[in-house]
2 protein chains.
Amino acid sequence: MGEFELIRRYFAAAACAQAAPGVALGIGDDCALLEVPAGEQLAISTDTMVAGVHFPDPSDPFLLAQRALAAAASDLAAMGATPLGFTLALTLPAAEPAWLASFARGLDCKARECGLALIGGDTTRGPLCITLSVFGRVPAGLALRRDGARPGDLVCVGGPLGDAAGALALVLGQRQAPAEIASPLLARYWSPRPQLSLGVALRGRASAALDVSDGLLADCGHIAAASGVALCIERDRVPLSAPLRRLLDAPAALACALGGGDDYVLAFTLPPRFLAALQAEWPLRVIGRVEAGSGVHLLDDAGREVEPPAGGYQHFGSPRD
Amino acid sequence: MGEFELIRRYFAAAACAQAAPGVALGIGDDCALLEVPAGEQLAISTDTMVAGVHFPDPSDPFLLAQRALAAAASDLAAMGATPLGFTLALTLPAAEPAWLASFARGLDCKARECGLALIGGDTTRGPLCITLSVFGRVPAGLALRRDGARPGDLVCVGGPLGDAAGALALVLGQRQAPAEIASPLLARYWSPRPQLSLGVALRGRASAALDVSDGLLADCGHIAAASGVALCIERDRVPLSAPLRRLLDAPAALACALGGGDDYVLAFTLPPRFLAALQAEWPLRVIGRVEAGSGVHLLDDAGREVEPPAGGYQHFGSPRD
């Protein structure tokens, strides 16, 4: 038995330890088998992260696994899907037990947090590269798509933006900060928490949704294009976390929030009648409105359109590139 | 828009051109959505191929795409699943239009042959690496697993073995052969035909099944271990193709058939009462029988156990490594 066969058994053991409702057959056969209840659809997303492109190489394997799975699971949140399972395609230069043990622990932690069971995959030798496919279920017709935004809807986000982009200089060792600032930002970068419960709560309410991974303005542009509407974002209503505001000056923090990816916060459009009930449970922020037209428009506090701030963050991390 | 975003649009256009029953939402949102009919389960498999590890680098992109998708789809055949769709995670060093066009054509050809629709994926920059996840549906309880072989069952294969292993020296340019020998062997290597219809026909009949990808003896070992039985293979009944027998001497051809991977022919165990009906439709070959015990035993024409022939093929291609 080769070392890579041993790795497969290692992950298989980890997978068996997880409760896995909906998983009829897990690792070990030619295919895994998932159950999808009648009246529901299966949601599927695939994300790849390449060493040196989407994360620094080397990176801590525990953190890396958490970040890769969180990024993939966030696509389930963006569709309003209930997590079922995931497959791991892991390509790595050598089978180092300590690295693998740490990677598997990180994967297991995030998988439990997200309610995702490891159901299969492949382990191969080559340059470090991680492809995760995630599977969830959603009642037919209730998936949160990008094409339903209508004029009059509110534009909302599920929490503060820009933390991951702001953290990047810390991740790369280009900047130092006291622990009370650096720690929460680094946690947002390395272990984003996919907003899975919020996604489920938005079913039947949000008219369009996605997770912010390319940057708020770019992602709002995807909704505008798919829905055939304009999204108007009020610059001063974009939420910034306290640590980000302490790390960076106001223009730089705003640039991170508007252009940085990797926060994996949900952005969505919402008919106003649903706002009160959702805000009672979730720390949503209304940041703008949907209008007739096209594109994304950034407005100042007087309602005048302004240019997005330039720069302010480095792009090294979105699995979409 | 970056070049990789353009690539995604390129594949998206190709995906839309395909008929896609069971695909409620394809490329372009956070997730794809699949419909799984009531009473059926979703079969999922993921395979990675890395340049220089699982295929020569460079390789013809048209052929490479065909081989990668065939290898992945073969896992659906091995479960008796009806193909639905697949995701492509393609990591490549640069976006070369000619390479991509050829790769997309190869992918499209094999996808149509297999009845698989491209439903999503990711395109990233990095060392060439292809991860395919394939999805199929199978009536609940009828998937072909590895753990049902029982003493008294026949051991069968869906066709000749060893062609892909025999072709490898031709692929690598280490050996020459006349076109009437080389062409069919190279076709088996670069464009294996997953035995999807045979897999469906085996539902409710075969007691265990898989596709031969690690080599016949190794794969029979997987069935023996999962089922808790012994598989006895009669050496002289293992089918060899005419081109393979012309390319290699008898011991070398047999070594390819017993140890070479990448043929993606089904190997399965079958209660004898089902044999006649299946043989009327499929060119099956009975190569042995299941007995009480453990492991895989190779027998000569007098029923004596013999050692497998050594060597005779090079291993450079199974996506299981």
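For all residues, glycine too, the Cβ spot is worked out from N, Cα and C.
According to TrEMBL, the protein has these features:
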BINDING   B:Asp30, B:Ser45, B:Asp75  Mg(2+) 4 binding site
BINDING   B:Asp30, B:Asp75, B:Asp211  Mg(2+) 3 binding site
BINDING   B:Thr46, B:Asp47, B:Asp122  Mg(2+) 1 binding site
BINDING   B:Asp47, B:Asp75  Mg(2+) 2 binding site
BINDING   B:His54, B:Asp262, B:Tyr313  substrate binding site
BINDING   B:Gly121, B:Asp122, B:Arg146, B:Ser213  ATP binding site
BINDING   B:Asp214  Mg(2+) 5 binding site
DOMAIN    B:28-138  domain 'PurM-like N-terminal'
DOMAIN    B:150-297  domain 'PurM-like C-terminal'
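Features recorded in TrEMBL, as mapped to the structure shown.
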residue: B:Ser45; record: Mg(2+) 4 binding site; contacts (Cβ under 8 Å, 6+ apart): B:Ala72, B:Asp75, B:Leu76, B:Met79, B:Ser133, B:Val134
residue: B:Thr46; record: Mg(2+) 1 binding site; contacts (Cβ under 8 Å, 6+ apart): B:Ala72, B:Thr131, B:Leu132, B:Ser133, B:Val134
residue: B:Gly121; record: ATP binding site; contacts (Cβ under 8 Å, 6+ apart): B:Phe11, B:Ile27, B:Thr87, B:Leu88, B:Ala89, B:Leu90
residue: B:Asp122; record: Mg(2+) 1 binding site; contacts (Cβ under 8 Å, 6+ apart): B:Leu88, B:Ala89, B:Leu90
residue: B:Arg146; record: ATP binding site; contacts (Cβ under 8 Å, 6+ apart): B:Ala208, B:Ala209, B:Leu210, B:His222, B:Ile223, B:Ala226, B:Ser227
residue: B:Asp211; record: Mg(2+) 3 binding site; contacts (Cβ under 8 Å, 6+ apart): B:Ser74, B:Asp75, B:Ala77, B:Ala78, B:Pro194, B:Gln195, B:Asp219, B:Tyr264, B:Val265, B:Leu266, B:Ala267
TODO: Round to the nearest Å and give the CA-to-CA distance linking the residue listed as 'Mg(2+) 5 binding site' with B:Asp30 (Mg(2+) 4 binding site).
DONE: 35
TODO: Counting other Cβ atoms within 10 Å, pick out the least crowded of the binding-site residues B:Asp75, B:Asp214.
DONE: B:Asp214
Task: binding-site residues, contacting chain A; criterion Cβ under 8 Å; candidates B:Asp30, B:Ser213, B:Asp214 - done: B:Asp30
- [ ] Select the most exposed residue of B:Asp30, B:Asp262, where exposure means the fewest other Cβ atoms within 10 Å, treating these as the binding-site residues.
- [x] B:Asp30
Task: DSSP three-state assignment (helix, strand or coil) for B:Asp75 (Mg(2+) 4 binding site) - done: helix
Task: Rounded distance in angstrom between the Cα atoms of B:Ser213 (ATP binding site) and B:His54 (substrate binding site) - done: 12
Open item on the list: Spatially, and counting Cα to Cα, which of the binding-site residues is closest to B:Asp30 (Mg(2+) 4 binding site)? Options: B:Asp47, B:His54, B:Asp262.
Closed with: B:Asp47
Open item on the list: Which secondary structure state does DSSP assign to B:His54 (substrate binding site), in the simple three-class scheme?
Closed with: coil
- [ ] May I ask you to report the DSSP-based helix, strand or coil state of B:Ser45 (Mg(2+) 4 binding site)?
- [x] strand
TODO: Pull the DSSP breakdown for the domain 'PurM-like C-terminal' (B:150-297) and write it out as helix, strand, coil residue counts.
DONE: 69 helix, 28 strand, 51 coil
- [ ] Could you put numbers on the helix, strand and coil content of the domain 'PurM-like N-terminal' (B:28-138), residue by residue per DSSP?
- [x] 37 helix, 48 strand, 26 coil
Task: Pairwise CA distance, B:His54 (substrate binding site) versus B:Asp47 (Mg(2+) 1 binding site), rounded so that it is a whole Å - done: 11
TODO: Take every residue in the domain 'PurM-like C-terminal' (B:150-297), average their pLDDT values, and give the whole-number result.
DONE: 96
Task: Extent of the ATP binding site in Å [max Cα distance among B:Gly121, B:Asp122, B:Arg146, B:Ser213] - done: 32
Task: Around the Cβ of B:Asp47 (Mg(2+) 1 binding site), the count of other Cβ atoms that are within 10 Å - done: 25
TODO: Quick one: give me the count of other CB atoms within 10 A of the CB of B:His54 (substrate binding site).
DONE: 27
